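Report on one structure; see the data block that follows.
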Amino acid sequence: MKLLVDAGNSRIKWWVPECQAHGVVDRLALDDLAGEIAAVIDISKLSSVRVSCVAGKSIETQLRGELGFARDLDVKFARVSSPLPILTVAYREIHRLGVDRWLAMLAVREKFPDRFCAVLDAGSAVTVDFVTEAGVHEGGMIVPGVQTMARALWSNTSDVAVERLELVPRWCPGVDTYDCVRQGVSALYTGLVNEVHSYIDGSAERHLSPAIVVTGGDRHWFTQAFSSPVVVDPHLVLKGLLVLDELEK
């Protein structure tokens, strides 16, 4: 069995495809990860561990120790490479592309091999990547995530303390500080969604309709914000690790 792990900036998700076991821990509870996995599966049956980590080198070092389960398991960290048979990266310096974005694109390409794709990840940052029907990454956009943007505003507003910002489907003028912030941030992201639509509409004529795929912790708001049908998949990075494993066999 193979263990797949997605270590993000706030949470760590894991998945064992062969038995469909999965779970999530807070990144600050990293010491609990191995124990949680061992409580659900028979770790003696694990043959390999594949990891996506965007949380920094120190977390990567901790993960390598935790996920070896004291069995000298090969813990392999995904690194961006290009070209691959299904995806060619647009970045001139490919190592500067976030491995999570790359893996998400691999997963989407596997699912929609003949369609133009827009991949939106609404996490601590909101990223959008565009991939042609031929598997050519055209580039993308990065803006602060919903909660990241909210924290930046709260830090300069001493009379407002909110743990989590909830966006609105359609913005209108706010009537207090909190409401003004959520209305304003909602309007900003509405503009982002409109630009994604415009870019897709302005691209070359296609035989199949484009695929818009949304993932990340704040995916629900973005799902309803698009006027076109959207595919929601909260596990794109984990699925991308599985695709990468197959490509490298």
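Every residue, even glycine, has its Cβ placed from backbone N, Cα and C.
So that you can see what the record holds, here are the features copied from Swiss-Prot:
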- ASP6, ALA7, GLY8, ASN9, SER10, ARG11, ILE12, LYS13, SER124: ATP binding site (BINDING)
- PHE77, GLY98, VAL99, ASP100, ARG101, THR177: substrate binding site (BINDING)
- ASP100: active site, proton acceptor (ACT_SITE)
- ASP121: K(+) binding site (BINDING)
Winner by Cβ contact number (other Cβ atoms within 10 Å) across the binding-site residues SER10, SER124: SER124
Binding-site residues: GLY8, GLY98 - member with fewest neighbouring CB atoms within 10 Å: GLY98
Spatial separation of ASP121 (K(+) binding site) from GLY8 (ATP binding site) - C-alpha basis, Å: 12
Cα distance (Å, whole number) from ASP100 (substrate binding site) to SER10 (ATP binding site): 13
Cα-nearest neighbour of PHE77 (substrate binding site) within the listed binding-site residues, ASP6, ILE12, ASP121: ASP6
Integer Å distance between the CA atoms belonging to ASP6 (ATP binding site) and VAL99 (substrate binding site): 10
Sparsest-packed among the binding-site residues, when each Cβ's other Cβ atoms within 10 Å are tallied, from ILE12, VAL99: VAL99
Distance, ARG101 (substrate binding site) to ASP121 (K(+) binding site) (CA atoms, angstrom): 8
Assigned element (helix, strand, coil) containing ASP121 (K(+) binding site), judged by DSSP: strand
Mapped DSSP class for VAL99 (substrate binding site), helix or strand or coil: helix
Site extent for ATP (largest Cα pair distance over ASP6, ALA7, GLY8, ASN9, SER10, ARG11, ILE12, LYS13, SER124, Å): 15
